[in-house]
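Everything below concerns the one structure shown next.
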Amino acid sequence: MANPTHLGFQDAMSPLMEELLYFHDHTLMILFLISSLVFYMIFALLFPKLYYPNTSDVQEVEVIWTVLPAIVLISIALPSLRTLYLMDETNNPCLTIKVTGHQWYWSYEYTDFSTLEFDSYMIPTQDLPQGHFRLLEVDHRMITPTNSTIRVLITAEDVLHSWAIPSIGTKMDAVPGRLNQVMITLANPGVFYGQCSEICGANHSFMPITMETIPLNHFQLWLEDSILS
């Protein structure tokens with residue numbers, strides 16, 4: 001997760017986030033090359049070594065400044081379309097979790113199991129165990145298995161919310177009366193933090209998201225305990 005001096009993206013913890021980081025670096029390199037060319041041309045025009053009193057039509061130059069931007073746009077569009085496709089791809093999810101945003105907490109419903117649903121509230125600072133993160137810990141975490149394709153259906157009960165976990169490259173608006181979906185696949189166990197990313201009222205800053213990914217055999221034990229309780 002991020003630290004106070006962190007200026008870049010969080011470490012990628014999912015294949016989707018790795019793709020997003022690749023696209024970011026790819027686009028940033030193109031932007032750097034374009035900016036370098038523009039600054040060079042500005043510098044060359046400010047301090048010209050040659051002076052031409054007459055201007056003439058140069059067909060080759062017009063072809064270059066027409067074709068070159070087209071090539072740049074295509075080199076950005078193709079990786080972008082690939083990433084968008086991966087974000088919307090649905091491949092036989094092993095588990096479906098419905099997430100509902102409320103003022104100001106989240107509720108989770110494991111739709112494959114009729115009795116498994118719970119609300120997730122932020123733990124107040126005065127009740128926070130030592131070593132836990134302020135404003136990020138919740139009383140009930142969203143539990144998911146590793147190496148499994150998980151479909152998350154996202155909606156809201158009252159106003160607009162946004163379910164976002166930066167380290168796995170997931171951010172989706174929660175809109176009342178509408179179901180949006182994201183796909184999550186995580187290879188390694190861990191705890192991942194996020195927050196509501198849409199201003200939703202007075203306590204917008206106090207509805208964190210905590211997702212814990214555990215091995216499949218541990219997830220099965222957690223399911224049994226949760227359903228029986």
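Cβ from N, Cα, C; glycine included.
As annotated by Swiss-Prot, Cu cation A1 binding site applies to His161, Cys196, Cys200, Met207, with the evidence given as similarity to another entry. Per Swiss-Prot, the feature Cu cation A2 binding site maps to Cys196, Glu198, Cys200, His204. As annotated by Swiss-Prot, Mg(2+) binding site applies to Glu198, with the evidence given as similarity to another entry. The topological domain 'Mitochondrial intermembrane' annotation in Swiss-Prot covers 1-14, 88-229. Per Swiss-Prot, topological domain 'Mitochondrial matrix' is recorded for 46-59. Marked as transmembrane segment by Swiss-Prot: 15-45, 60-87.
Shown here: features listed in Swiss-Prot, placed on the structure.
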residue: His161; record: Cu cation A1 binding site; CB count, 10 Å: 30
residue: Cys196; record: Cu cation A1 binding site; CB count, 10 Å: 25
residue: Glu198; record: Cu cation A2 binding site; CB count, 10 Å: 17
residue: Cys200; record: Cu cation A1 binding site; CB count, 10 Å: 21
residue: His204; record: Cu cation A2 binding site; CB count, 10 Å: 16
residue: Met207; record: Cu cation A1 binding site; CB count, 10 Å: 23
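The Cu cation A2 site, placed at the center of the C-beta atoms of Cys196, Glu198, Cys200, His204, has further neighbours from the same chain whose C-beta lies within 8 angstroms: Gly101, Trp104, Val159, Leu160, His161, Ser162, Ser197, Ile199, Gly201, Met207.
Secondary structure at His161 (Cu cation A1 binding site), as computed by DSSP, is strand.
With a cut-off of 8 Å between Cβ atoms, the residues of this chain six or more beyond the transmembrane segment (15-45) that come close are 9, 72, 75-76, 79-80, 82-83, 86-87, 167-170, 183, 185, 187. Taking the centroid of the Cβ atoms of His161, Cys196, Cys200, Met207 as the Cu cation A1 site, the other same-chain residues with Cβ within 8 Å of it are Gly101, Gln103, Trp104, Trp106, Ser162, Ala174, Gln195, Ser197, Glu198, Gly201, His204. Separation of the C-alpha atoms of His204 (Cu cation A2 binding site) and Cys196 (Cu cation A1 binding site): 7 Å, rounded to the nearest whole number. In this structure, the CA atom of Met207 (Cu cation A1 binding site) is 11 Å away from the CA atom of Glu198 (Cu cation A2 binding site).
A strand conformation is recorded for Cys196 (Cu cation A1 binding site) in the three-state DSSP classification. Counting only same-chain residues 6+ beyond the ends of the topological domain 'Mitochondrial intermembrane' (1-14), those with a CB under 8 A from a CB of the stretch are 20-21, 24, 133, 166-170, 184-186, 188, 190, 192-193. Residue counts of the topological domain 'Mitochondrial intermembrane' (1-14) by helix, strand and coil are 0 helix, 0 strand, 14 coil (DSSP-based).
Mean per-residue pLDDT, taken over the topological domain 'Mitochondrial matrix' (46-59), amounts to 70.
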